[in-house]
Amino acid sequence: MYPDINDNLVVFVNDNDLWKYNINTKNIERLTNNLGIVTNPKISPDKRYVYFRLMTGKSGESSDIYSIDLERGNLTRVTYLCGKSTSRRMYTSIAGFDKNGNLIISTDAYYPFGTPMLYRIVNGNIEPLNLGPALNIIYYADYTIIGRNTIDMPHWKRYKGGTRGKILSCKNDDFKIIIDLESNVNSPMIYNDELYFISDHEGSANIYSTDFTGGNLKKHTDFKDYYVRNASSDNKKIIFQKSGSLFTFQNDIVEKLEININIPSVNIESRIVKATDYLTDYKINYTGNLIGLISRGQALFTGIKTGPVMNINKLKNQIIEFMNNNDIIIYNYNEENNQILLYSVDKTLKKFFDFKNGIIFSLKASPDGKYIAIGNNRFELFILNLENGNINKIDESESGTIDDFSWSNDSILLAYSYPESEYYGYNGSSSIKIFDLKTNKKYDATTPGAIDFKPVFSNDDNYLFYLSKRSLDPVADQLVFNLGYPKITKPFAIPVKENIFPLFSDIPEELHENTPGEYKLDNIVQLSEVFPVPAEDYANIIPVNNGVLLLHYPVEGSMKYYLFNNGEKTGNIELFDFKKKKSELYESEVVNYLISGNKKFLLIGKSSNKFIEREIETKKDEDINLTRLNITIEPMNEWKNMLYETFNLIKENYWSKEKVEELGDAPYLKYKKLLNKVSTRFELSDLIREMQGEYSTSHSYEIGGDLSNVESISVGKLGIDYEFKNNNYIITKIYKGDPSNENEKSPLLYTDIKENDIIKSINGVSLDAANNPDKLLSGHANEIITIEIGNRNKTKKYYVKTMIDEKYLRYREFVERNRKYVHEKTGDKIGYIHIPDMGMNGFNEFFRIYDREANRSGLIVDFRFNGGGFVSQLLLEKLSRKRIGYDVPRRGIITPYPVDSVNGPMVGLTNEYAGSDGDIGTHVFKLMGLGKVIGTRTWGGVVGINPKIKLLDNTTVTQPQFATWFKDVKYGMENYGTDPDIYVENMPQDFIKSRDVQLDTAIEYILKEMNDYKKLDLA
């Protein structure tokens, strides 16, 4: 992988390490050993050094540049940026070399968005080139050539959206776009004194060339099997990777390099890991003395207190359940099988049942051990008869999965939550239904229109309990004029037998019938009775003797749970007593809880995979020590399973059934052939992404996982820019942020340190050419440090606390600079809002300043760099308000009706980095007629995702599941984007001159629009 060439010297990556190879002598040498994940090596022009990007951290989330001296063998860390590697895009990388042989890198470390800019490294210090977004740079003859967005995109082949790679060229700083093809362009290079690159605009990635004006396009290779990737050249020969091998190209002849590495990889050796690090399911047995769990696809069960650990290592086990006779049910699916397995506690396989209807999401055995209820990913509900093996479908929804169900204790009834409607982004409605196994009939237990869930029968089967989000009592928003429903859930009870009074009836017990009758399920939709408790955010209900246990979570913000933040909710369990008719705290800080089949024990899950077992009657607790559970993993077996599961998830979830059928098994079989070449988890990641890319669709991601065992060391941030001048580190910019916002408080806020001051030392270590501030702050993020500052002919020592991330400070500078500029240029008439994404952060940013900016005579809405999400329609709803009146008080300020309606024209700004819901927000801004959009075509990815299953090592793989259709372009935004009304691109020369031509154009346009806009003035 990642080859580079200079004369006879070839460097490349294999087994996560850097290697060199001599084409003439065939000698091969390993240059690094287990540093992390080496990628993208580049040989210096003088052939003395090899620079490379090193990714560290468990999922390779951090990257920096290193070099190795080929003469002396010295390894040197060049940068201390901890540049992110989100979604494997690896935003800190090597861009090229200048004419003096100095290294140039691309990184987003100094920019508020994930957009790489170019920086020159001189004597270990970083100098901005101010050329705007770019990934590659080439100095050749009189030309400066940069590659903008020229990234290798194996996960999205034939990409045609706004960030497709383009190549720009210039003489005398006047850059022009010379290569802008219909599809992606990457790996720009000089070969044979011409400009060469990779493109897949004709369907498959191959090598092309043009002259230096972009003319005379020629195709030089014609591979149709696998993509040509990561090409580079020394002007005499091109080297590239394809299908796990390296090839050279010279004089239109392609030759495969036969490089034989006979050193075994340590990355494929079996190893032991902690089971608690990979828990995906856990259950308690009938008598409460065994716990079963799924970890990394292996099924384990052991005693609550102690005892041997039994392991059913049959990848991939997905679900574990105990039957009342202590037999164990395991759902197992892989390339060979999709089965429900029935084991005894001594690991004897008693029965197995093939399942041919997709992926099972949930299953539960009936108490009598005769049936298993099954809910799958295809919105279907089945019952498996364990005696004869018959699997019967009993219901199906058009709106969502049926995976929330419960058996009656006599095994006659199955109650389930049935999705009535579902909306992407929030819960739809659901009702409770009951299936009677005796009569083979379905009954409605609740009415549609609310969100009814967690059905469960009382221990005597007289009642069906459930939770429902239907107790509406709006709460006023504390910032925006709006009402919401943070707490609307209550528990309900339905009598399901004859002679059973409502649970909270005022009729004395002595007047009740002595014995309950048979089940009576006709017309029970009218019999629901609410528990006398306040509405909360209830999540679970479990019956116990004379009461129920209710788990509810606190109302809190969504930031830590959004997307892939992996926040873990904890709440309180309350015991509601039927006799007292009130609840009291039972247990706090609970993640989840389960009850044993005999109703005598609770398994209570706490944070960080800690568990206790509680005997319900005595309230005696037993800590469960799961840290003793280890599992042995075989990487090659896991990788085989992970590749298959990724494909199977695509086959099951990809939005277009027609495309899935068209491609069939070909994508999987194509890349399965290459599995024997994979020797590291990162190489598997690359293979998975190539397979995902066969579908040419957005949001095909592979995130997380165990890519590296080398820890990432964070670098402390001071929220400054500095330059190295006259052997001093001079502070050129202090980013102040907004102290009233979280994560935006400058570390230097409470000091008198100023711009142009000199940093003398950090933690007592003097700064010099070999020790820059970033290097001395490595390993000191979020720590109090001492910093010595020289200013006004004196030095002073300060104590400051560093940051782990200064992006928020840099973002605030970007926004406030633009807002101030707009206000100044328009005489305070025009407002400015930037929306960084369509998630929680963008929602916050919009409402933080909207009321101030909307109440001007016009508004510029900046969608540029919008990272997507799901709230665009909420923000557009606010922007679309038309002013039709005013509220006029005797004293105070006159306010518009509707509140915060804009009384003037609006203009949208966008660029190629606005994507996903940022694509949608930009397009609908135009479609709703809110104003013209200025900028460049957007990213072009509008097929949404909702990942629910992780791979064995906790990797999230996403499948494009929800296509987007609009009345004007139909499905046309996907893999294209939305075009601006007025095309304006910020070119490198604009960045050199610190000009934002897009913003200037927006200001000029909206001022003209103001002349024709009929404002609503108060008569």
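Cβ atoms here come from the backbone N, Cα and C positions, even for glycine.
Taken from TrEMBL, the feature active site, charge relay system covers H699 (among others). For H699 (active site, charge relay system), the number of other Cβ atoms no farther than 10 Å from its own Cβ, over all displayed protein chains, is 23.
In the predicted model, residues of the domain 'Tail specific protease' (796-985) average a pLDDT of 96. According to TrEMBL, the feature domain 'Tail specific protease' maps to 796-985.
Among the features that TrEMBL reports, active site, nucleophile is placed at S916. Taken residue by residue with DSSP, S916 (active site, nucleophile) is part of neither helix nor strand, so it is coil.
The Cβ neighbour count for D917 (site 'Transition state stabilizer'), using a 10 Å radius over every protein chain in view, is 28. Here TrEMBL flags D917 as site 'Transition state stabilizer'.
Neighbour list (E974 (active site, charge relay system), Cβ cut-off 8 Å, at least 6 residues apart, same chain): T697, S698, G940, G941, V942, V943, A963, T964. Mapped onto three states, the DSSP output places E974 (active site, charge relay system) in coil. The feature active site, charge relay system is assigned by TrEMBL to E974 (among others).
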Surrounding CB atoms that lie within 10 Å of the CB of S916 (active site, nucleophile), all protein chains: 27
Three-state secondary structure, which DSSP defines for H699 (active site, charge relay system): coil
Distance [Cα-Cα, Å, rounded] between S916 (active site, nucleophile) and H699 (active site, charge relay system): 9
